[in-house]
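Working notes for the structure below.
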Amino acid sequence: MGSSSIRELLGLGYWVQGFRCFPWLAVNFFLKDGLSVDSSTLQLLQNSANLPMVAKPLYGVISDAVYISGQHRIPYIAIGTLLQAISWLGIALLSPSSTSMLTLSLYLLLGNLGASLAEVANDAIVAEAGKSSSLSSSSSSELQSFVWIASSAGGAIGNLLGGIALSNFSPQTMFLFFAIVSSLQFLITISVRERSLDLPKRASNSGITKQLLQLSAALRKPEIARPIAWLAASYAIIPALTGTMFYYQTQHLKINSSVLGISKVFGQAAMLTWSVVYNHRLKSIPARKLIAAIQTTMALLMASDVLFVRGVYRNMGVPDSLYVVVFSGLLEVLYFFKLLPFNIVMAQLCPPGCEGSLMALVASAVALSFIISGYLGIALVSFVGVTGDDFSRLPRGLLIQALCTMVPVYWASCIPDGKKLAEKKE
């Protein structure tokens, strides 16, 4: 019964988490076409809106330590979904002609705060369920794959519908639709009682101070601290050029929204395939080797983007739209491929009692790294001299990006060997 309830709750939570790409796709076009912002401003707003994600360890500590009506996961999921519903409803009701960047930013920050709370609680449930005596190591891995599949499915549907909706509806309509989805998730979540999840029993209201001490003790262990530091550095060191590539594809190549939507659907389908293949074929491969291979593949695809911008593939007869759908869609999600094996390793290493705190710290480190990556990307674009009307120097920026991506491969020894972990656990 507990396993069934967990899968239903997490399936919905991670599906909506993936479906968040639906309103965010509309945000990109709303900023570009509605507010006429440049690529650097768009990327700056995108990354700054993720600031609430950085505080995930705090939400995790509170979730671990502070119980609400005898529960410490469900209430935080409910609060998070409610904040998202309020945020996107507020954006939907804004008048396009009078919308200010400040007002929009505040609503986006509120929405990401809600998403952070819900994600922390969901991740903690996954980590706790993985430590349940009723679940084997294999079942724990299957649960990780299940939530990954749910998130990927939500992302695929969100991007597919988003590409279609952008051609037929206003961004405000898309914001309103997601507000309704979040409201439905809120109503379903508050109908679930946490005891039905059959999570491992633990003392309630353990205290925030005690929880912080447990988290601090966990981070003093090199086998936990070093992998988290490597993961964060592997993202932060890459200058993100997402805003520039978005403008290059839509302004310079005149690729329409439906193609971008299909590109993102292809990426989500790749994530879905990755989770299935990993669960059935690749989970026996040491995480260190797998993650290093993913990082190298990312660098190769970035180098391929250099040829794409130079028109090499176009001269070979490959349409720009086909490249964007396949290669750009794959590169966008490759960033997240290494999180699946990494999270499984961290769930095995996580000490009992601080599952929410530690998994939230991992998510926070990734969020902060993406923000730093985005700011570095803005600096790189300025350094190489790319503007909204001149993309001639973009290949140089892409080449620098590819070289930066290869640097963390040399530090891959910081990631624990999966086989050694299994032997240690036995």
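Any Cβ shown, glycine's included, is placed from N, Cα and C.
Among the features that TrEMBL reports, transmembrane segment is placed at 76-94 (among others).
Here TrEMBL flags 173-192 (among others) as transmembrane segment.
Non-local neighbours of the transmembrane segment (228-248) in the same chain are 28, 32, 38-40, 42-43, 46-47, 219, 295, 305, 309, 328, 335, 338, 342, 346, 361-362, 365-366, 368-370, 372-374, 376-381, 386, 388, 391, 394, 397-398, 400-401, 404-405, 407-408, 411-412, 414-415; each lies 6+ residues outside the stretch with a CB under 8 Å from one of its CB atoms. Sequence annotations record features per position, and here TrEMBL assigns transmembrane segment to 228-248 (among others).
Annotated transmembrane segment per TrEMBL: 260-278 (among others), in sequence order.
The transmembrane segment annotation in TrEMBL covers 290-309 (among others). Residues 234, 245, 248, 282, 320, 323, 327-328, 330-331, 334-335, 337-338, 341-342, 391, 394-395, 398-399, 401-403, 405-406, 408-409, 412, 415 of the same chain, all 6+ positions outside the transmembrane segment (290-309), place their C-beta atoms under 8 angstroms from a C-beta of that stretch.
The transmembrane segment annotation in TrEMBL covers 321-337 (among others). Among residues of the same chain six or more beyond the transmembrane segment (321-337), those with a C-beta under 8 A of the stretch's C-beta atoms are 235, 245, 249, 253, 255, 259-260, 262-268, 270-271, 274, 294, 297-298, 301-302, 304-305, 308, 313.
What TrEMBL records for 358-386 (among others) is transmembrane segment. Long-range Cβ contacts of the transmembrane segment (358-386) within its own chain (Cβ-Cβ under 8 Å, at least 6 residues beyond either end) map to 39-40, 43-44, 46-48, 50-51, 53-61, 63, 116, 119-120, 123-124, 126-127, 215, 218-219, 224, 228-229, 231-244, 339, 342-343, 346-347, 350-351, 393-394, 396-397, 400-401.
Under the heading transmembrane segment, TrEMBL lists 398-415 (among others).
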